[in-house]
Amino acid sequence: MGSAARLSAPGALVLWAALGAAAHIGPAPDPEDWWSYKDNLQGNFVPGPRSPSPFLPASGDPASERSGTLYMCISSRPPFWGLVNAAWSLCAVGKRQSPVDVELKRVLYDPFLPPLRLSTGGEKLRGTLYNTGRHVSFLPAPRPVVNVSGGPLLYSHRLSELRLLFGARDGAGSEHQINHQGFSAEVQLIHFNQELYGNLSAASRGPNGLAILSLFVNVAGSSNPFLSRLLNRDTITRISYKNDAYFLQDLSLELLFPESFGFITYQGSLSTPPCSETVTWILIDRALNITSLQMHSLRLLSQNPPSQIFQSLSGNGRPLQPLAHRALRGNRDPRHPERRCRGPNYRLHVDGAPHGR
Ligand SMILES: *[C@@H]1O[C@H](CO)[C@@H](O)[C@H](O)[C@H]1NC(C)=O
Ligand SMILES: *[C@@H]1O[C@H](CO)[C@@H](O)[C@H](O)[C@H]1NC(C)=O
Ligand SMILES: *[C@@H]1O[C@H](CO)[C@@H](O)[C@H](O)[C@H]1NC(C)=O
């Protein structure tokens, strides 16, 4: 267990370290960081989001026979992240957790939702692409400040990380699902409320603290121009192993977004410990594409440093959480599904003006 605690976090500590000029980002031993997506790494037990399978009654166990199929259901496994650290109890007992499955028939149409606004002060984005051992992260440099507002957001939120989650096979790997369908990957743009809080960690502990924009990704013949910059061979092979980092500049974040899109929003949580219930999620309802070659290069990234065995980063998502009675709001009118989303409400507004390409 001692060596398991060496896992490094994509948390605030690492964020600030990566923003510095130092190329080496040293993983600090940190019990606060003792979690994983899979139940163990290299034979050392590290708690995954649910209890490890050996804790389940074996088939033929009288208990599982009594309860029929109950034990087959993944949600019957105890939520482990919440049990190993008192500060993460929301992962176990929270009722506003993420990710969720979005059933489109449950989405309430809200005609008063304004369009999403992105502000970069007209500057190109730069920052560090980073293999955290759990995700592919892009950590923007302190300048330019990238702000997002509009949609359901009442405050301006500042971008602090772009995170990429993906699966071992196509069609699975996103955290959120739409109508019980997963996607090959999910891009999460993580922002904090800069009007109320000074930084990400303070915001993640307060009300209205965070806003996360999610974009779903399919494997297809074409490739999103922003993701191509991150996933081209020259770039992605620089972050093959845990703690590898590579500096990128001249990025246009607006190119990540589809030309026109609708969105669905709900109140949820961080999908990693401490599972804070302070996140306004905004799910973009039009998927992006990447090529199968780019997907393959993602799956070749390792969770481990080069000195340890290769374990693919893929499968780095939390299992679905119950939606319960939470509202899902959308800006598309389901009474007119045939109507393509046209007009300024269905475009990203960049630095004030509707973004047209
Ligand atoms: C982002 O928001 C902050 C605080 O509201 C503001 O000071 C800053 O000018 C904004 N940045 C851009 C590029 O609009
Ligand atoms: C974040 O803000 C809080 C409260 O404003 C402060 O105590 C803390 O040191 C800040 N953390 C970092 C990493 O700057
Ligand atoms: C993604 O690929 C599909 C199938 O090739 C295509 O129909 C769709 O328009 C593409 N989406 C984007 C945003 O380019």
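Numbers run from 1 along the shown chain.
Any Cβ shown, glycine's included, is placed from N, Cα and C.
These figures come from a predicted structure and were not determined experimentally.
What TrEMBL records for 348-357 is compositional bias 'Basic and acidic residues'. Here the compositional bias 'Basic and acidic residues' (348-357) has, by DSSP, the following mix of helix, strand and coil residues: 0 helix, 4 strand, 6 coil.
What TrEMBL records for 67-332 is domain 'Alpha-carbonic anhydrase'.
Residues or ranges marked as region 'Disordered' by TrEMBL: 329-357.
Here TrEMBL flags 1-23 as signal peptide.
The average pLDDT the prediction assigns to the domain 'Alpha-carbonic anhydrase' (67-332) is 93.
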